[in-house]
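Over in TrEMBL, the protein carries these features:
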type	residues	note
BINDING	34, 65, 85, 86, 87, 117, 221	phosphate binding site
BINDING	202, 244	purine D-ribonucleoside binding site
DOMAIN	28-280	domain 'Nucleoside phosphorylase'
REGION	289-308	region 'Disordered'
Ligand SMILES: O=P(O)(O)O[C@H]1O[C@H](CO)[C@@H](O)[C@H]1O
Ligand SMILES: Nc1nc2[nH]cnc2c(=O)[nH]1
């Protein structure tokens, strides 16, 4: 693994490089989806790094993914935010795409909040709906593309991690509750996210098939990051913004396109940001990392680093 640049030692070197350059000790890690990078701009007292300057980090190649790792506070809570994520279709191995999630863990993060842009398959969903993800279908995983394939490093987690509890029940409930309190009840949904490799959007037959399989929304990210986050014991909340309706009708003139995805992101960004920031203020954090003092405080769950 080491020669590929995403083993434990590489992650540790990257985490230490970052910790030496910021005093922020994040308890919450946020990943911004396509066109949803504004979330990072909400952080106060920012210390930001361009991905190209961070050792071992991949580079963002997709429009709508700025390529910055931003540390700061959200209503007093210490956070780290990926303003731009990585996707299979960019040509990275799935283990490289998910490397930042392991770095989150080694920075002391306890809770990961992911956002994404997704196409709606559920006919009751409208463009602009926010879907709290309750489960996923990892289609690349069916073909062996799983971020945990290869030798397992027990310092991160177990060889065969459970995924039936991948999306934290309490956080999902809280998202629905906070969302309703904010007045989002009309456009807040719950559902199953399906990841595909992309970058081509779905054919009509594919969208129909995914819907029949039980997916409510389809995208090209998130599930890999969730698998890695759960493997190393972090709690996960994930939100999809339904940026477009998947085309499922041969009479339809609609065509999925990335511009529409980014436009919908811009329209709903403020509400999504408010939902995430309100949740960060209200959530219980297990690792008390807002007052981080050093290595002894780092990750208390599956992945405890050795004292140095
Ligand atoms: O999942 P995020 O990064 O939000 O991006 C989604 O939007 C892009 C397609 O428009 C794809 O990358 C898809 O995965
Ligand atoms: N695969 C896929 N990804 C998306 N991301 C945003 N919209 C879509 C979509 O319709 N399909």
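Backbone N, Cα and C define each Cβ position, glycine as well.
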All-chain count of other Cβ atoms within 10 Å of residue 34 (phosphate binding site):
26
So around the phosphate site, 34, 65, 85, 86, 87, 117, 221 aside, which residues have their CB within 8 A of the centroid of those CB atoms?
33, 62, 64, 84, 116, 220
Just to verify a number: CA distance, residue 34 (phosphate binding site) to residue 244 (purine D-ribonucleoside binding site), in angstrom, no decimals.
13
Going by DSSP, is residue 87 (phosphate binding site) part of a helix, a strand, or coil?
coil
Looking at phosphate and its recorded binding residues 34, 65, 85, 86, 87, 117, 221, figure out the farthest C-alpha pair and report it in angstrom, whole number.
13
Which has the fewest other Cβ atoms within 10 Å: 65, 85, the binding-site residues listed?
65
What three-state secondary structure does DSSP assign to residue 202 (purine D-ribonucleoside binding site)?
coil
Using a 10 Å cut-off, grab the number of neighbouring Cβ atoms around the Cβ of residue 86 (phosphate binding site), all chains included.
28
Pick out which of the binding-site residues 87, 117, 202, 221 has the most other Cβ atoms within 10 Å of its own Cβ.
221
